[in-house]
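**Q** Shown below is the structure under consideration.
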Amino acid sequence: MLTNYLKIAWRNLWKNKIFSIINLLGLAVGIAFAMLIGAYVWGELQVNRSIKDCDNQYVIQSKWKNPNIGIEATSVAALPKALKENYPSLIANYYNSALAFTNVSKNDKHFRERLQVGDSTLLNMYGFKLLYGDAKSAFTGPFSVVITTEIANKYFGKTDVIGQTLNIEDFAGGNHDYIVTGVLDKIPANTITGLDGDNKFQFFVNGSLNKSLRTLDGWDNSGITCYIELQKGVKSTDVERAMLDLINKNETDDEIRGNLTPYLVPIKDYHLQANNNLVKKMTGTLCCVAFFILLMATINFVNICIGRSSGRMQEMGIRKVIGGLRKHLIIQFLAESVLTVMLSTVLALIIYILARPYFSGALGRDIFRILDFPAYFILIPIAFSLLMGLLAGIYPALVLSALGTIDSLKGKLSFVKEHVWLRKMLIAFQFVTAAIVVIGAIIISQQISLFFNGNLGYDKDYVVYAQAPRNWSLKGIQKIESIRSQLALLPQVSSATLSWEIPDGMDVEWRKNNVYKQGTSALQGITTQNLVVDNQFVNTFNIPLKAGQFFNPLIAADSSSVVINETERKALGWNSAADALQQKIIYLDKVFTICGVTADFHFASMHEPIQPLLYTNVYFIKQYRYLSFRLKPGHLQQNIDALQKRWSELMPQAPFEYHFMDDALTKLYATEIQLKKTAYIATTLAIVIVLLGVIGLISLSIQKRIKEIGIRRILGSSVSGISFLFLKEFLSIVLIACIIACPFAYIIMQHWLNDYAYRVAITPSPFVVAIIGLTLITMLLIWIQIIKAALANPIKSLRSE
């Protein structure tokens, strides 16, 4: 019996090919998009959940009374070890780590690499497996290094490299041969080795025994990423009380002890909560978009199913005449509906496989393959097919099977009226959703354009930067400044600068300290962000000077002067930039003279307002990372080649791995760019789905009124007059839907823009573009369909009996 139902269902689908294709394609596209977004969200939710005992793993973070004093993402270096020693019943293990960028060499291979300097507990605490080497002894030596298989192949061309050496540069101008003592097996994506999901660490050095790269201990060191593993059954609140007690007892730095309150973040939630819950907001937004796209596709499907059902009344009457029971008719309708949804689901899986690489690139994540999901996930599409099939088929099945035999044979609805208003409401809802998506996509695009094309306060064009080899001694500073001067002499280079920071928004939490006027109390001071730079920084980035000069151009080591920005000048109470010149301020317990005031510029993301900024000379805080160059316009690649050649002559052991400032901004706003790409895709799909629905419904409407069209043509109606009848019916729905969508779109996008301190104003243009665009496209489709029917021979339309 079931076989017969499916055969008949297949014949009906094949008989009505156009409607079947519209139904299958529209629903399949909606399902595939929802699956792709669902896979992305699932991947984000799985970050750090594959490590051993992830439910007991936590990151120690810091809550500061004054949020501008310290960094929230790090904590006091000595705290995890003290917890383990003093509260063994609470703490099972701990792991401290810090980032180090440095040069790594093997023979003639030189690369700038990202190292994780950490404790020896890495392998045991997180359950990472070594492909080669002994986990127990891998971190026992001060100059041992554990690497990934990717790095082993990169430097040695093979993976079994135990006992081989790599030369790693330290931050004092020296270098040392490190022995490879372990090669990590494949590490699951998005784990502790790269908590942000990007830039995964592939070198691991024991910082407890080797302090030449980073220092991982000390109660006065609050810049270390600290992880702890709780004993089973221990509550995080118990550990938080213990942490606060230890800081109060052991901390000697009053600024830390009086301001810092440590707290725990589950490691499995860290990725979602980082950057002010940015990832969580992103996944939530994408889930909403995917839901509405799927809902639109579902409405299309239900709408067309209901519309087609009234055309099968005579079929129902004949089935009843030859003995068909009502339950058989209901089962037949439901079988057809479920079969259509199942075919759409299969087609959606094919679209998923084909579109996955593109979506992975657009979202910046490797989206899961279908086979990567747990086996029980197969129940989701099966359940969806059954539920959607029953939902779409139940209405026509119950209504048409209840009609009397005579009414069915005559094609009349004697006691059951067609709910035309229901279909119109459903199509109107689709247009509302489509309009909101289109308006949202336009506003998102405008905001992201502001990031790259708005007034940043500096000139990013033709600026490239590269990390320089580090030697933070006085001789090292003098040497790298000499190299900078020689590179600046190249005819292809306008200017060059040495600095710790660049305007990439990545160091906004570092080097925040109190600054105040000489002769006043420190309590009257303000928190300032400190930029460590040389005297060529503003020339290279074209940051305008409001008054004074940017350090002494004749004295490179001008370490007694500072420069401030306009925001800091106002915060300290001077009425003009000129009033601030030669004033004395106290910073880091040292008296400085203000020699210049710069205009404000966006050092951090536009999420945040511009903060007070203090420039100190690299000769005062002897640390640097970047050499930045302003290249002369034209012949860009030749200019870079010339710079690279001279760099290699002056620093043969240091790779020239350059980036454009545009690359830095792209990384800074990666989440927003991902959202923009997704919004464009969603806009396209929303328009396609709603127009598929329009095509289906207008075709059904023409089919049902084909005799009416023929009679009107015989009585002398023009093609344009007939077209206007149909256009009036559908365009009124489109216009009303767009008007309804506008206030919703405004509220939603205003809420989204509120996350940015600097944002575009919402103007009428996105709303006008969306309304006109949707209206014109809908008109065109309807007109094409109607013209085709109106130009047909009316005699054929009337020849039915």
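Numbering starts at 1 and runs along the chain as it is shown here.
Even glycines carry a Cβ here, placed using N, Cα and C.
When I checked TrEMBL for this same protein, it listed these features:
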| type | residues | note |
| --- | --- | --- |
| DOMAIN | 20-243 | domain 'MacB-like periplasmic core' |
| DOMAIN | 289-400 | domain 'ABC3 transporter permease C-terminal' |
| DOMAIN | 681-793 | domain 'ABC3 transporter permease C-terminal' |
| TRANSMEM | 21-42 | transmembrane segment |
| TRANSMEM | 289-308 | transmembrane segment |
| TRANSMEM | 329-355 | transmembrane segment |
| TRANSMEM | 375-404 | transmembrane segment |
| TRANSMEM | 425-444 | transmembrane segment |
| TRANSMEM | 679-702 | transmembrane segment |
| TRANSMEM | 722-747 | transmembrane segment |
| TRANSMEM | 767-791 | transmembrane segment |
**Q** Honestly, do the transmembrane segment (21-42) and the transmembrane segment (425-444) touch, with at least three Cβ pairs under 8 Å and pairs 6 or more apart in sequence?
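**A** Answer no, regions not in contact.
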**Q** Looking only at the domain 'ABC3 transporter permease C-terminal' (681-793), report the model's average pLDDT.
**A** 81
**Q** Which listed stretch (289-308, 329-355, 767-791) has the most C-beta pairs under 8 A with the transmembrane segment (425-444)?
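**A** Stretch with the highest Cβ contact count: 289-308.
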**Q** Could you give the number of helix, strand and coil residues in the domain 'ABC3 transporter permease C-terminal' (681-793) as assigned by DSSP?
**A** 94 helix, 0 strand, 19 coil
